[in-house]
């Protein structure tokens, strides 16, 4: 009878572990639906990492919660039992187990995260590292970029409070970022004043832009559509207006747009920060906080408007 009870408990533990694992894997798969569309090749890697973390977190949460609930139901004191529990003090084996397991989990998460970082190789962080440690090589060039791969170079300038995109191929300047789908893109990020943050949620990519520094930022957009670029750093009073449309289109449509934009004359771009500052100045009523004067609207061949985002 005791042997039967022992095997029954083992079977229950195995069944519980299988159910816990299957449920955690299912929860991890649901994490993909919580995120924006995957606009860049690198976003797939980030989503895989998020799914992994959600799966692991669900396993730990459900496992610990299950043990607590089981203890509350089956190991509670009987009604009227006011006796003290057994005088148990210390358990070296248990203490080793609950110390080693979290340490192993941390190393597992760190190792997998670093692997994802190397596979992404967006290079922006590597560029900053090379500024601090001359001679260090980027892990990106050897793994992601092939000699025959087409690369689109775009200069990106951030200033209070506008994004400016320059396309050297046609000498076109725009306040709307156009990208060819399924082609490698290299952005040269610069800031004219303070620290800005280049962030496109749909691409899962973010890079701080440091003044007086050019940072190469590389990725591959893969899904055609409209996205939104925002400034992820607080860059001053009107930083919330520092947004821009990001248009990912086929290479044919991209070059068609570039050719058409090159024919346009340079005109001042629409700028929400400059407009709001001018309105506040003309009203004669102080807005309650000090601010620097927004930079003059840039001269561009093409000025994109605010549209729906993805």
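Each Cβ is built from the backbone N, Cα and C atoms, and glycine gets one as well.
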Range annotated as transmembrane segment in TrEMBL, from 49-73, 124-148: 49-73
Per TrEMBL record, range annotated transmembrane segment [choices 6-28, 167-189]: 6-28
Annotated transmembrane segment segment (source TrEMBL; candidates 93-114, 203-224): 93-114
Residues of the parent chain within Cβ reach of the transmembrane segment (49-73), under 8 Å, 6 or more residues beyond its termini: 16, 20-21, 23-25, 27-32, 35, 105, 109, 112-113, 116
Model confidence over the domain 'Cytochrome oxidase subunit II copper A binding' (149-260) (mean pLDDT, whole number): 92
